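Annotated features, as they stand in TrEMBL:
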| type | residues | note |
| --- | --- | --- |
| DOMAIN | 1-347 | domain 'FMN hydroxy acid dehydrogenase' |
| BINDING | 75-77, 104, 130, 158, 222, 244, 277-281, 300-301 | FMN binding site |
| BINDING | 132, 167, 246, 249 | glyoxylate binding site |
| ACT_SITE | 246 | active site, proton acceptor |
Ligand SMILES: Cc1cc2nc3c(=O)[nH]c(=O)nc-3n(C[C@H](O)[C@H](O)[C@H](O)COP(=O)(O)O)c2cc1C
Ligand SMILES: O=C(O)C(=O)c1ccccc1
């Protein structure tokens, strides 16, 4: 299997249909889900020639973490629904590839076990932890302490989910919860019982100020689409943004991330890094996002397809193919590093 589309087809054959739909689906009419990929399709590259870039270097640094390429793994829930090895397999593949895995708060493996798996394959792996701020701030604080102790390098606070998106495939399939043998292991409280992840529309910048006080880890906000929110995030002392519409799973008809990107890049003016996710499936997509102002991209579903199709090896293969495609695209565009990609290369 070479392309992400081929991995998706293989995953679809292996997965329970309701689980495939949970991974693949989006909110409402899935307009935003489609718009993310379509936005890359609407843009063309205008390559430069004779630039003398024989050796390319894909490495970047984001919020203090080194990445071997400007592609990280966005947080996705329930990896053990995709493959019995779950998040451990993902962590091994991502650590071996030298990039960042953002562990979902809804992971089906404890953060300590994910960290141990990553450390078994790389000396100094970078794991970030994604957080839904819980209305019970004391409990939120205990989850943050636990992630810190496990050695995570940054926190990614998802802010696009004041309520859970309406995913009609899940309603139709009656898929609402994990099977009883799986649990969201990072939501265990002191007594060992597992709490539900609560979405809260009460959250405000005050809660973020509380979090900023309670941890010295770099903080990124995930789910920013409005340039004014990007400015407020900078003012709040945030260390990076993930330009995201949650892969089209929250607000349907929300703007595609690539369309939102140029205004966000202008709003932050390079003061903090931008990671874009949503619809990245090819090396050419990565190049377009970087040229239009992202410092890196995130991939969500492609990792789940690799995992479901072939476990750790499948995730490794998805990352290797994207790396190869990205390197090849840089060469064809006349660029030697991600930093050389500028907006004039995109129409
Ligand atoms: C099955 C699935 C589960 C997800 N779970 C989470 C999550 O737990 N936390 C979160 O912040 N985002 C979650 N996301 C959103 C991803 O982090 C990311 O924004 C999105 O998948 C990117 O789009 P892509 O799948 O087109 O690459 C999830 C996405 C999918 C597809
Ligand atoms: O499915 C999702 O997109 C997601 O973010 C999530 C969050 C909590 C539990 C399960 C899924």
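Cβ atoms are placed via backbone N, Cα and C, with glycine included.
Bear in mind that TrEMBL entries carry predicted annotations, made automatically and left uncurated.
Residue 277 (FMN binding site) has 246 as its nearest neighbour among the binding-site residues 132, 167, 246, 249, going by CA to CA distance. Among the binding-site residues 130, 132, 167, 281, the residues whose Cβ sits under 6 Å from any atom of ligand 1 are 130. Cβ-based crowding with a 10 Å cutoff singles out 249 as the top-ranked of the binding-site residues 167, 249.
DSSP assigns residue 279 (FMN binding site) to coil in the three-state reduction, placing it in neither a helix nor a strand. Cβ packing within 10 Å was compared across the binding-site residues 246, 301, and the lowest neighbour count falls to 301. Less than 6 Å separates the Cβ from ligand 2 in the case of 77, 249, drawn from the binding-site residues 77, 167, 249, 279 in sequence order. The CA atom of residue 167 (glyoxylate binding site) is located 18 Å away from the CA atom of residue 279 (FMN binding site).
Counting other C-beta atoms within 10 Å of each candidate's C-beta, the binding-site residues 130, 222, 279 are led by 279. If you measure from the Cα atom of residue 222 (FMN binding site) to that of residue 246 (glyoxylate binding site), you get 8 Å. Distance between Cα atoms for residue 249 (glyoxylate binding site) and residue 301 (FMN binding site): 12 Å, as a whole number. Among 132, 167, 246, 249, the residues given in the record as binding glyoxylate, the maximal Cα to Cα distance rounds to 19 Å.
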